[in-house]
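Engineer: One structure, pasted below without further comment.
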Amino acid sequence: MHTGTTLTQFIIEEQRHIAGASGDFTALLNDIVTAIKTISNAVNKGALIGVMGALDTENVQGETQKKLDVITNEIMIRNNEWAGHLSGMASEEMDDVYSIPSPYPLGKYLLVFDPLDGSSNVDLNISVGTIFSILRSPVPSRAASMEDFLQPGVKQVCAGYALYGSSTMLVLTTGHGVNGFTLDRDIGEFVLTHPNMRIPADTREFAINASNQRFWEAPVQRYVAECLAGSTGPRGRDFNMRWVASMVAEVHRILTRGGIFMYPRDTKDPSKPGRLRLMYEANPMSFIVEQAGGLSTTGYERILDVVPQDLHQRVPVILGSKNEVEVVLEYHNA
């Protein structure tokens with residue numbers, strides 16, 4: 001029997017401190033949470049209900065879609081299109097903005113999401129997740145255009161992710177710190193288990209895909225080489241290297257015990273100087289990391305200050321423990 005604060009209770013308490021709050025945002029967040037519970041169920045059942053494996057289709061990124069990519073995208077849409085809180089949605093799995101169907105009322109928020117981050121891992125039973133970002137619509141109750149979504153990350157109202165692992169967790173921020181909730185399946189509710197999450201300023205862990213080492217720029221080459229040199233090198237201490245190929249899993253580890261995550265600019269594909277998508281990966285995760293006391297940068301500018309030029313724009317990402325990110329920034333500025 002749980003004795004903690006449920007997510008619903010937590011959000012309502014937060015709402016009471018906001019003058020003029022109408023409950024619209026709370027209702028939207030409840031719809032997102034319902035979608036996340038449904039996705040968690042689909043991911044957990046996996047092969048039992050025949051949803052594992054790949055399709056013969058690609059998304060706008062040119063990536064082969066997993067069955068669960070399509071299923072989870074549909075779950076997010078169907079749970080959030082009908083209630084009148086949104087004027088539009090955008091997803092990693094859709095080329096263009098999703099317009100709210102005409103029978104449904106239009107609202108004052110925009111929802112951007114990656115329905116199943118790390119889906120390449122899903123057949124291997126490695127942790128995957130959902131990432132989402134909520135923005136205000138520039139013109140409430142009007143069908144959203146592409147331009148309406150192209151807002152810098154500093155304008156996010158809320159950002160969060162769900163982690164589908166040994167337990168299902170929801171981590172979110174509304175700009176007043178970061179809190180983590182764990183799904184109690186006995187009562188069907190998320191319960192506050194990780195209040196006021198903070199990233200340690202120092203760390204001895206870094207996460208990067210070392211197979212791309214030959215394509216990195218000099219500042220990242222230098223930083224990683226110094227970490228690998230350990231206690232006999234210029235940093236004077238040993239580091240551990242991690243890589244899960246799931247941004248949600250990487251960021252969750254950093255929130256829990258510190259670390260630095262890097263998917264830096266490289267020359268592997270000149271058309272893609274960055275790999276991660278700004279709107280529905282880098283921005284929401286950067287909002288969370290900064291609210292937890294960490295830093296997030298492209299190596300050249302703060303990610304939350306980047307003005308998007310395209311819905312599926314890619315950027316380099318370096319985020320995590322403050323002091324380590326500052327070392328990488330120092331090398332970029334040298």
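Every residue, even glycine, has its Cβ placed from backbone N, Cα and C.
Swiss-Prot lists E92, D114, L116 with the feature Mg(2+) 1 binding site, giving sequence analysis as the kind of evidence. Under the heading Mg(2+) 2 binding site, Swiss-Prot lists D114, D117, E281, citing sequence analysis as support. For D117, G118, S119, S120, N209, the entry in Swiss-Prot reads substrate binding site, with the evidence type sequence analysis.
I'm curious about the neighbourhood of these features; can you describe it?
Structural biologist: Reduced to three states, the DSSP call for L116 (Mg(2+) 1 binding site) is strand. Taking the Cβ of L116 (Mg(2+) 1 binding site) as centre and 10 Å as the limit, one finds 32 other Cβ atoms among all the protein chains shown.
For the recorded site, E281 (Mg(2+) 2 binding site), the DSSP three-state label reads helix.
Of all Cβ atoms in the protein chains displayed, 28 besides its own lie within 10 Å of the Cβ of D117 (Mg(2+) 2 binding site).
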Engineer: Other than D114, D117, E281, which residues of the chain come within 8 Å of the Mg(2+) 2 site, judged by Cβ distance to the Cβ centroid of those residues?
Structural biologist: E92, F113, G118, G129, T130, I131, M247, V248, L276, R277, Y280
